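Chemist: Sharing a structure here in structure tokens format.
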């Protein structure tokens, strides 16, 4: 049926199958037209919505350009040229916005109205007629069915009339509905063309009108203005491209130079440590105590400002004061759960901060920077040059000098200080002092053996003997889990009169050859400090130094475990440095340790938060107390020995007297036994023979009776 372009209305009354088949083809075509029209309507509606959005956006753009001169940008000052240029653009865009508004109105009238009317009126009419025709066709089929079942008898005339009337009504309704339905389907073929072409015609006419209106508004003056603006934009773009090239080259150079810094812990040989800094900034982790034994770490940005250490959390505008680092002390510390940690202690010792760096290099640079600031190098005109000179002098201090006098020119105390040092080093003997030889006579080898190894840390924290004592003590009483000392002091210090505790940091120890004067301590200090500077060793073990009348103890401040124990009798010399009063040391001499039987002399160097001279005075006082206690003990022991000798003499005299008495008794018994005595007769008339012991007892009893009678 391709040649048929309309439904025959004349054949609607017959309602033949051919007519119904042709109707189905037109209905299918109507459904296709409806689907296509719906899609076309959606596309045109998007065009209309986009035009409305474009009109509103153009108007908003013009409004924002007018408000540019009222804005205050932090990085850009008032630019009159930019403001005037944007005002000109605002005028042009205003005119374009008016044109877009006119175009939106034309699209609504010429494009959207025709297709909307076709969709809402014509297509809905087809659907309505289709439903009505289907209902009428069903009613007609039912009426014909009832009419076909009528009986031949004439008794039901009334029913027959009703059925015939029903057939008449339903057939008429079906015929009329079918004719109007065919008319609407035939008309739809023409409305389809109109509904498609008319909106397109309106769209094109509206666009042509919009372009004409724009060409009229954009005069030659605006074209010249736009040309100038385009030239300016090209100049700005060329300038931007040049700046981008420079920045990209800078980025490449920085990437190549920073390749080693990307590692969290770079190799010190490839990235050397700068020890001449007087200012430093970077992220560090700070330890904060949250309880008795628990702590947390917070990451902040730290920087030095003059003699202050500042901290700033991420997101904060400004930083706050962490602590004053003038005259402070800084050292590397060991934390149980963190690496690269260092501790800063204020000059009065009341404030302590434990920080963690990201790498060993960063940690050492922070320690060196804070050391330089602590010496107030930052107050000079060229702080970095002075810091470099100080560090260079520390490195050159290791080179041997021709004479001992020159080597100790900077470290030897003055004559007045030497007398005071002699007073503090009075622990060399009990109440007696040994005159030190002249410094010009002493040589370097007479004090410290060449190539002597230096121990920078405490290797053996607890010996087996003290571990056994701690275990035995732990079985007798409960152990404090927080490492605090209990009410019961240790056994070896129960009777001690002196108990003084100092916070010290172990710098190092080395074997020495001479222990006659405090000069060996100064030389050991110089060598240990110079070796630490050369080998980049900044970590120091902090301990509590307990001074008693029996010994010196190094105690772990966390666990209260004794790390080292020095018998007070083995401490030969103790002295502090006169220029840096926080440095002190002592010489320990032991009789055992060598194969040849010679004593081993070791010098230990420490740094204290307090004055080192006070510690030396405390050690000297402990030596004096121990000396007097020893003298009293010896006197007491001597007296006890004399008393024991007298008691022993009395016991010997009493034993001698007892022996003499026993001898007299034996002589009497012998004399009595030598006398002849007649035997006594028995009851049966025979003689009774007595044994020797019985005779002796009888003689003794007789002599006793005779003696008693004579005394009476």
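Cβ atoms here come from the backbone N, Cα and C positions, even for glycine.
Please treat TrEMBL annotations as automatic predictions, because they have not gone through curation.
Marked as domain 'PH' by TrEMBL: 277-375. For 397-432, 467-494, 632-712, the entry in TrEMBL reads region 'Disordered'. The compositional bias 'Low complexity' annotation in TrEMBL covers 417-432, 467-476. As annotated by TrEMBL, domain 'PID' applies to 502-653. According to TrEMBL, the feature compositional bias 'Basic and acidic residues' maps to 632-667, 702-712.
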Chemist: Provide the three-state DSSP residue tally for the compositional bias 'Basic and acidic residues' (632-667): helix first, then strand, then coil.
Modeler: 36 helix, 0 strand, 0 coil
Chemist: So how many of the residues in the domain 'PH' (277-375) end up helix, strand or coil by DSSP?
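Modeler: Grouping H, G, I as helix and E, B as strand yields 15 helix, 45 strand, 39 coil.
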Chemist: Which value does the mean pLDDT take for the domain 'PH' (277-375) in this predicted structure?
Modeler: 88
